[in-house]
Amino acid sequence: MALHEAEQQESADRQVTGPQPALRRDIRLSQLFTYSFGFLVGFGWIVLTGQWISTAGSAGAALAFLMGGLLLVPVGLCYVELATAFPYPGGEFVYAYHAFGKGVAFIAGWVLLFLFVSLTAFETVAAAWLVTVLIPPISGPPLYQVLGFEVTWGMAAIMLAGATFITAVNYRGSRVMARAQDFVTWILVLTTLIIIVCGLSLGQPANLDPLFDSSVDNWPLYGMLAIFITTPVWYSGINALPQALSELKSSPRPRTLSRLVTAMLVGSSIFYVLIIFAVGMSESRETLASADFATAFAIGRVLNSDWAVKLVLGAGLLGIVSTWNAAHFAASRVLYALSRAHLVSATFSRVHERNGCPHRAVLFVGAFGLLGASGGIPMIGAIVNSGVIVVSVLFVLTCASLFRVRRKLPSATAAYRVPGYPWVPLFGLCYAGCTVVFSLIVTWTSRTSGQIPAEWFALSIWFVLGLLLWLAAQQRRNAILETDRARLIRNEIATGAVATQPKPAVTAD
């Protein structure tokens with residue numbers, strides 16, 4: 001017996017299966033705004049505002065968020081240029097593929113998937129925690145403990161019910177997801193406006209003192225820097241936006257998209273500044289530092305009303321749902337993109353014939369997010385800190401991809417180009433790189449003595465899992481031509497209608 005390689009035309013070597021249905025284009029441009037803005041404003045403001053103020057002072061925290069949002073505008077414009085050139089699900093995965101190839105692209109996609117799945121876990125825990133505060137009797141007896149924190153039967157039931165609900169919404173397709181996001185985000189905006197007006201009009205300016213923290217070696221900017229470093233994770237909605245572009249009913253003009261991204265970053269920056277000052281004026285810094293839900297506590301005190309507390313907590317629950325819904329959608333589309341490119345299992349690129357969504361990817365994200373949430377309340381801090389590292393790495397990859405794509409595929413980005421090239425994207429690259437370094441330093445210095453930071457440990461596990469999947473998918477990854485992989489990523493051909501590499505033929509002498 002001898003092995004002889006077949007010398008045939010590429011078309012004769014194709015093993016074609018039935019093409020899969022495409023993702024349905026059901027999202028309107030206005031819904032793209034509520035999807036991304038709801039992701040941006042999210043939930044952190046109701047839990048962590050007191051911590052931000054106690055760490056940096058009211059003015060220090062506000063300035064940190066204002067600078068964090070405005071300095072990300074150059075990065076956001078890099079996203080606009082690349083998203084206009086490659087409006088396909090996968091975001092940074094797609095950009096890295098066209099810039100650096102499938103190896104770096106898989107890393108980008110896997111990191112992006114970690115961000116969105118970890119955010120679904122964060123929102124799962126946060127929802128259960130908040131509901132048990134709103135309705136204390138629902139908490140029930142302890143089920144188990146994590147690092148000294150109890151997870152009760154009630155919390156576990158709420159996490160399961162919430163994950164099931166969000167998964168069901170996304171399983172119904174992008175139309176149902178977008179409508180739910182519309183409803184939740186606009187009510188959230190209205191409610192938070194009421195909170196801001198009450199805090200600013202009824203609070204006491206004297207409560208804002210000290211404006212800047214000076215507890216560390218009399219350096220007033222230390223606390224502000226500590227908060228500033230965490231801001232990328234609160235503005236990670238610009239990562240989520242590209243995931244929805246391929247499901248828009250009509251493609252937006254590039255200038256419209258650039259204005260939308262800029263407006264989201266500036267608008268969310270102003271939102272955080274107003275919330276911080278409204279809460280800071282409502283109660284003293286010392287009192288806020290010890291409150292679990294500082295925003296609700298402060299507004300309740302200034303209005304002298306338990307109903308005000310419930311209103312703020314209700315707004316917080318809406319914030320959870322808005323971010324949770326958007327993160328689940330984004331995670332499923334990243335997994336779908338990785339699968340279409342033959343970099344992970346084919347099961348995740350299956351599209352539901354009636355709902356037009358990657359239903360198996362949706363179910364996987366729901367299950368994995370719930371598994372991550374089983375760590376309970378201690379997971380919240382670790383997710384935020386690891387999220388800062390991950391988001392900053394993704395920002396670096398995006399800015400670097402822009403430079404590479406400009407050189408490799410100059411015509412691809414002709415529709416929209418970042419103004420002030422190369423200085424504007426270079427500034428974004430340097431800013432994102434500095435944030436990566438600072439976030440690693442902060443997690444290392446704040447770790448428990450003698451231990452590896454929990455954030456590093458979690459990321460290491462995720463990268464090992466990614467490496468195992470990369471090795472396991474080698475046969476599938478190498479089964480198609482690279483030209484077909486690129487066409488799959490760009491939605492130019494249907495999943496299942498691609499070439500497989502010629503296999504050696506076995507003949508007898």
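Cβ coordinates are placed from backbone N, Cα and C, and glycine is handled just like the others.
Caution: TrEMBL annotation is automatic and unverified by curators.
As written in TrEMBL, here are the features:
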TRANSMEM  32-53  transmembrane segment
TRANSMEM  59-82  transmembrane segment
TRANSMEM  103-131  transmembrane segment
TRANSMEM  151-171  transmembrane segment
TRANSMEM  183-202  transmembrane segment
TRANSMEM  222-241  transmembrane segment
TRANSMEM  261-281  transmembrane segment
TRANSMEM  311-336  transmembrane segment
TRANSMEM  357-377  transmembrane segment
TRANSMEM  383-403  transmembrane segment
TRANSMEM  423-444  transmembrane segment
TRANSMEM  456-473  transmembrane segment
### Interface check, the transmembrane segment (357-377) with the transmembrane segment (103-131), three or more C-beta pairs under 8 A
yes
### Task
May I ask for the residues of the chain that lie six or more residues beyond the transmembrane segment (32-53) and have a Cβ under 8 Å from a Cβ within it?
61, 64-65, 123, 126, 130, 178, 181-182, 184-186, 188-189, 192, 227, 234-238, 240-241, 244-245, 248, 252, 260, 264-265, 267-268, 271-272, 275-276, 279-280, 285, 288-298, 312-313, 315-316, 319-320, 322-323, 325-327, 329-330, 380, 384
### Chain residues in Cβ proximity to the transmembrane segment (222-241) (below 8 Å; excluding those fewer than six residues from its ends, i.e. six or more beyond)
32, 35-40, 42, 44, 52, 55-57, 60-61, 63-65, 67-69, 72, 75-76, 79, 83, 91-92, 112, 115-116, 119, 212-213, 215-216, 261, 264-265, 268, 272, 326-327, 329-330, 384-385, 387-388, 391-392, 394-395, 432, 435, 438-439, 442
### Query
Under 8 Å, at least three CB pairs between the transmembrane segment (151-171) and the transmembrane segment (261-281) (pairs 6 or more apart)?
no
### Query
Cβ under 8 Å to the transmembrane segment (456-473), counting only same-chain residues 6 or more beyond its ends: which ones?
106-107, 110, 114, 342-345, 382, 386, 389-390, 443-444
### Message
Restricting to CB pairs under 8 Å, which listed stretch, 59-82, 103-131, 183-202, 261-281, 311-336, is in contact most with the transmembrane segment (423-444)?
### Response
59-82
### Task
Answer with yes or no whether the transmembrane segment (261-281) touches the transmembrane segment (103-131) by the criterion of at least three Cβ pairs under 8 A, sequence separation 6 or more.
no
